[in-house]
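*Asks:* Below are the features I grabbed from TrEMBL:
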- A:20-38: transmembrane segment (TRANSMEM)
- A:58-76: transmembrane segment (TRANSMEM)
- A:83-101: transmembrane segment (TRANSMEM)
- A:113-135: transmembrane segment (TRANSMEM)
- A:142-159: transmembrane segment (TRANSMEM)
- A:179-200: transmembrane segment (TRANSMEM)
- A:230-249: transmembrane segment (TRANSMEM)
- A:261-280: transmembrane segment (TRANSMEM)
- A:287-309: transmembrane segment (TRANSMEM)
- A:315-333: transmembrane segment (TRANSMEM)
- A:338-360: region 'Disordered' (REGION)
Amino acid sequence: MNARERGPRVSAAAVIRHRLFWPAAVLVLLLLANVFFTPGFLSVELKDGHLYGSLIDIARFGAPLILVAIGMTLVIATGGIDLSVGSVVAISGALSCLWITGLEDQQSVTGVLTAVGVALGLALFLGLCNGVLVAGIGIQPIIATLILMVAGRGLAQLITDGQILTVNSAPYKLIGGGYWLTLPFGVLIVLAVLGITAFLTRRMALGLLIESVGGNAVASRLAGIRSRGLIVAVYAFCALCAGIAGLMISSNVSSADGNNAGLWIELDAILAVVIGGTSLAGGRFSLGGTVLGALVIQTLTTTIYSIGIPPETTLLFKALVVTAVCLLQSPAFREKALNRRRRRPQAAPASADPKVKVPA
Amino acid sequence: MFKRMSALLLVGATVMTMAGCGSGGTTSASQAGPGGGDDKITMGFSQVGAESGWRTANTKSVQESAESAGIDLKFSDAQQKQENQIKAIRSFIQQKVDVIAFSPVVESGWDTVLKEAKNAKIPVILTDRAVDSQDTSLYKTFLGSDFVEEGKKAGQWLVEEYKDSTDTVNIVELQGTTGSAPANDRKAGFAEVIGADPKFKVIASQTGDFTRAKGKEVMEAFLKSNPDIDVLYAHNDDMGLGAIEAIEGAGKVPGKDIKIITVDAVKDGMQALADGKINYIVECSPLLGPQLMDLAQKVVKGEQVPARVVTEETTFTQEQAKEALPTRQY
């Protein structure tokens with residue numbers, strides 16, 4: 001277990017040492033638990049020309065959370081946090097549904113595209129506002145985004161007039177509830193956003209720059225990185241992701257609910273990011289870990305429904321699993337737990353967690 | 001660091017699923033009616049907020065029936081906050097209104113302000129939601145729906161529908177927000193009625209938080225873990241509407257392969273009922289305005305009123321829904 005040597009060969013120890021081993025193990029464990037209670041849990045069949053099964057459900061219902069969490073990852077990597085994503089989810093869903101209900105023909109593809117454009121435009125604008133408050137004016141991220149978190153839900157309710165807006169539009173339905181090439185369209189959107197983000201941050205220098213700003217904003221600026229612009233950009237990107245997630249959530253049920261859409265999704269997203277091994281202090285991030293974290297959360301939710309945990313104990317069950325994941329994730333905790341069993345002469349310090357190597 | 005993180009996560013995990021049907025701030029502005037003449041009854045009404053279509057219809061009903069009954073209404077929106085409501089009631093007392101009506105945001109903590117109203121000799125009527133005060137002399141009457149009765153009505157329809165069948169009837173239930181009065185009572189009333197016959201089996205019951213999105217998500221999971229579902233009982237229309245999408249996605253026909261009973265009768269739900277996707281809706285009517293004005297007039301005149309008045313509510317079958325739909329107000 002000692003991280004002293006790193007050989008090129010893939011040994012069992014190396015697999016266990018991998019940052020994402022524990023969240024992945026919990027995910028597999030959850031899935032196995034489901035198979036135990038529901039034997040056909042892992043089966044995926046073709047129904048009405050699209051894939052159908054519990055695994056598909058997890059991906060489909062988890063898609064908005066994964067999107068929000070991807071945006072959140074980059075914000076957290078700069079040492080910030082965005083609490084307003086839930087409100088942006090509600091606003092974007094509300095605005096697009098309002099736009100569609102105003103259309104003469106709700107089935108018109110151009111009309112729906114305009115609605116999507118308007119909603120995402122507003123989301124982007126709100127993200128820019130967050131970014132300017134944080135990077136331009138220098139308000140602490142948690143405060144700056146808290147403003148939109150509270151006010152934004154009010155804005156969403158203003159748009160929907162406190163009602164649930166119902167739309168009946170086939171093109172809009174596709175975004176979150178439809179299928180393309182047998183796959184849920186929402187999952188394809190997530191894959192696209194994930195692909196683009198991974199390319200920009202891991203194949204280009206952008207990821208390194210973001211981590212540098214998160215590690216030390218002042219030093220980065222002195223080194224010639226425009227930290228201000230970068231920070232504004234990540235908040236805008238995060239809001240854009242939340243906007244797309246909002247479209248998915250409202251499209252999935254063909255209605256916009258200003259009160260409940262995306263409620264508390266910011267907490268789930270932060271949780272997903274943390275389970276994925278991204279440090280809340282900023283300076284390092286892992287997109288793969290975030291996706292894994294979001295999948296763990298969604299699988300946990302699905303597990304609760306399928307194995308029939310009574311609603312009164314749901315929260316406790318969730319809390320226990322999440323605590324277990326977080327403890328397993330902590331090298332300090334693992335070190336302590338192991339030390340108790342076999343005393344090691346040279347225990348690694350708690351901060352032995354190495355900075356992630358970034359392929360430039 | 002990790003200690004702090006896990007602490008934060010615990011809090012997060014606890015909070016994140018506490019989405020309620022009555023959460024979030026609201027946007028409606030308070031408005032006060034114009035000062036009325038001396039012979040006119042003045043009513044101070046403090047509403048919970050404008051969190052749902054149901055609530056908006058409730059507000060509208062109160063405002064419209066006050067106008068037609070010739071009652072001067074001072075309307076105040078508490079925006080989901082008890083402190084706002086207490087402030088509003090105090091201001092009603094200062095304005096010396098003839099009667100105060102309000103839908104309490106929460107159940108407890110009303111004794112002090114209600115005593116102030118009692119000392120000022122202003123009668124109080126509770127609407128839609130009750131308070132848990134021990135001293136029932138603090139208010140004249142409570143006008144609202146009986147959630148247990150609603151659950152019973154749903155159960156009775158089911159018993160009637162399957163009276164000729166001896167096979168087991170597999171039921172799944174989508175509960176409202178955990179711990180809320182409508183969720184607890186609708187579950188209890190339903191369970192009481194179907195409990196008499198062992199052929200009715202609730203095979204899965206889970207909260208859908210009164211929302212469409214959760215209703216759909218939970219129903220998807222139910223459909224996979226229970227291949228043989230005969231009946232869905234949802235504690236409100238919205239969860240039922242979400243579940244319908246899930247059932248359709250599973251290649252089954254809602255209303256036929258799986259019979260659906262819901263509570264509320266909001267417009268979208270009634271539309272689905274008329275379309276044959278829902279089989280039966282138990283009404284939970286927000287239109288208690290006329291009854292409220294009637295009670296207010298009696299109370300002001302000093303007439304005796306019953307301590308508990310149940311809102312006039314009905315039930316809808318698919319045929320009744322088709323007839324009622326064109327004139328549905330909400």
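Backbone N, Cα and C atoms are what each Cβ position is placed from, and that goes for glycine too.
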*Asks:* Going along the chain, which residues at least six beyond the ends of the transmembrane segment (A:142-159) come within the CB cut-off of under 8 Å?
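*Replies:* Here the qualifying positions are 81-84, 86-88, 90-91, 93-95, 98, 126, 129-130, 133-134, 235, 256, 258-259, 261, 266.
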*Asks:* Using a Cβ cut-off of under 8 Å, list the residues of the same chain at least 6 residues beyond the transmembrane segment (A:83-101) that approach it.
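*Replies:* Counting only partners 6 or more residues beyond its ends, the transmembrane segment (A:83-101) has Cβ contacts under 8 Å with 64, 68, 71-72, 111-112, 114-116, 118-120, 122-123, 126-127, 130, 142, 145-153, 155-156, 159-160, 165-167, 169, 172, 238-239, 241-247, 249-251, 255-259, 261-266, 269.
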*Asks:* Mind checking which residues of the chain, 6+ beyond the ends of the transmembrane segment (A:58-76), have their Cβ under 8 Å from one of its Cβ atoms?
*Replies:* 82, 85, 89, 141, 176, 184, 186-187, 189-190, 193-194, 197, 201, 210, 214, 234-235, 237-242, 244-246, 248-249, 262, 265-266, 268-270, 272-273, 276, 278-280, 282, 285-287, 290-291, 293-295, 297-299, 301-302
*Asks:* Are there residues at least 6 beyond the ends of the transmembrane segment (A:20-38) whose Cβ is under 8 Å from a Cβ of it, and what are they?
*Replies:* 54, 275-277, 286, 288-289, 292-293, 295-296, 299-300, 302-303, 306-308, 321, 324-325, 328-329
